[in-house]
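Features reported for this protein in TrEMBL:
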DOMAIN    B:17-241  domain 'ABC transmembrane type-2'
TRANSMEM  B:18-40  transmembrane segment
TRANSMEM  B:52-73  transmembrane segment
TRANSMEM  B:94-119  transmembrane segment
TRANSMEM  B:131-153  transmembrane segment
TRANSMEM  B:160-180  transmembrane segment
TRANSMEM  B:216-238  transmembrane segment
Amino acid sequence: MIEVAQLSKSYGKIQALTNIEFTIDKGTCFGLVGPNGAGKSTLMKILAGILQQFEGDIVVDRFSVAKEKQAVKQLIGYIPQELCLEETLTARDNLLLFGRLYGISGRTLNNRIDNVLEKIGLTERSKDTVLNFSGGMKRRLNIGCALLHEPAIVIMDEPTVGIDPQSRKSIFSIIEQLRADGSTIIYSSHYMEEVEQLCDRIGLIDKGILLENGTMNGLMEKYGTPSLYVSGDTIEAEHLHPYQIAPKGDGYLVRDANPLATLEKLLVRFRELDLQPRRLELYYPKLEDIFFQLTGTKLRDN
Amino acid sequence: MWAIAQMELKKNIHDKGIWFWTFILPILFIIVFVAVFSGQEGVEYAETVTQIIPGYTVMFTFFIMISILITFIKDRERGMVARIASTPISVSSYFLGKWIPFMIIVLLQIAVLFLFGVLVYDLPLGDPTALIVMSLFQAFLATSWGLAMAVLVKTENMGIALTQIIALGGALLGGLWMPIEIMPDIMQTICKFIPQYWGLEGYKEIILHDGGVLDIWQPLAILLVGGAIGVLIAITGYQRYLRLAKS
């Protein structure tokens, strides 16, 4: 179990995290989402024991990150967004390095390397130099390096950036396997559909503040009032007056407190006007919609 | 620590650049400058050789700083340092693991350049124990300055430029290129504050005057203090270096 208590962190005058509090139960896949600069990486770096000096604490299985960093590090496998690999060395050499950094050696280490290579699908390429690997293979090896000490908690920071669908699928199956083994996963990504698909709980963070923390269903109940989605070649915004509308794809989202009643009214109106909708359906918001609802759509370049 | 040291050594063995800077370029410099200066009137051959070979050896030991800072900056940029910081390894073990291979390379460099001097130019070596101790201290100074530079500089280019200033500026002011006796009085005073001068003085004492370890205590002490300052800067700058690291 992970308990984050009143966690705050600043970089000089910049407040990166403010009073973050949440818990993650053992075996949970916790999705951490937020715009760039929201504080996700800072939070993960503190948990992984990389950043010193912060206020509050995180307790991981009885061990305090502030006071018992070494014990916490043994429990955590940290997979950074960057590909932290020695490219001039082989896949096996890279795994050997990280295994030894966690104090594993000898036959145990060799067996663990073989297991991890199988898990990440690189057994055949173990003696090849990483320089010759594809992006997806490097991502998988990047994950493998964090699994050798069989951590109870795996922190994944954008593990699927810039890879092909096959590699993404392979990474998803690694995550599923980790979950089946009982690992707790903290998963950060900008791909909302991935977080929706993989995570049991979702934490939404912005400007260093945890805006929401709950299950997808819980978030849906709170923010997910369904809308109507209408599209059709001849349907224009004026046909949807006086409802509140927003363009989406090649149609419009019609927002109303009672979408079913609106749907009936619109059907009548379209029939009267002889308009042929291509799609007229209830639209349940996705995580991305909730994300925009809470964080806005303004660019976050700073 | 040994895991990092072993990996670093493996990486360096594969790096052709380090072979060029460490062994090929210094040997070329020695050949060219011995040929130029030994042909001059009034300059004894032995004098030339005992000035140029240890002088250029001391100068080129500082070029290891380039390899050290490139390694550290790459680790920082690729997020490797942040990742290593997430493992149970301590800061001191990380530095030691990174440092040991470069110490080995510099010691190997000194051995190769002196061996080249012995085989090609009949360079006298003097007391082997004193020579080994002197080389250990010289390697300590150059590599610790490399560590300090690596955690302080923001970019590779900035680091390379500063290394050139330290290596070439120090060589000029420290009297590595020409005997200090023929330099102006002011330069002879300045050079006393340059560690490179003391590096060369130590080697000269061993080679020319058959000095032992006790005879070179002053150069050793200065190199040790200079090296310790480098280590201190490196350890102090580590947190900042970590903050700049990608993850």
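Just so you know, glycine gets a Cβ as well, placed from its N, Cα and C.
Distant neighbours of the transmembrane segment (B:94-119): 1-5, 8-9, 12, 18, 22-23, 26-27, 30, 49, 53-54, 56-57, 60-61, 64, 67-68, 71-72, 81, 84-85, 125, 131, 135-136, 138-140, 142-144, 146-147, 231, 234-235, 238; these residues of the same chain sit at least 6 beyond its ends, with a Cβ under 8 Å from one of its Cβ atoms.
Against the transmembrane segment (B:160-180), the recorded stretches B:18-40, B:52-73, B:131-153, B:216-238 differ in Cβ pairs under 8 Å, and the greatest number is found for B:52-73. With Cβ pairs under 8 Å as the measure, the transmembrane segment (B:131-153) is packed most heavily against B:216-238, out of B:18-40, B:52-73, B:216-238.
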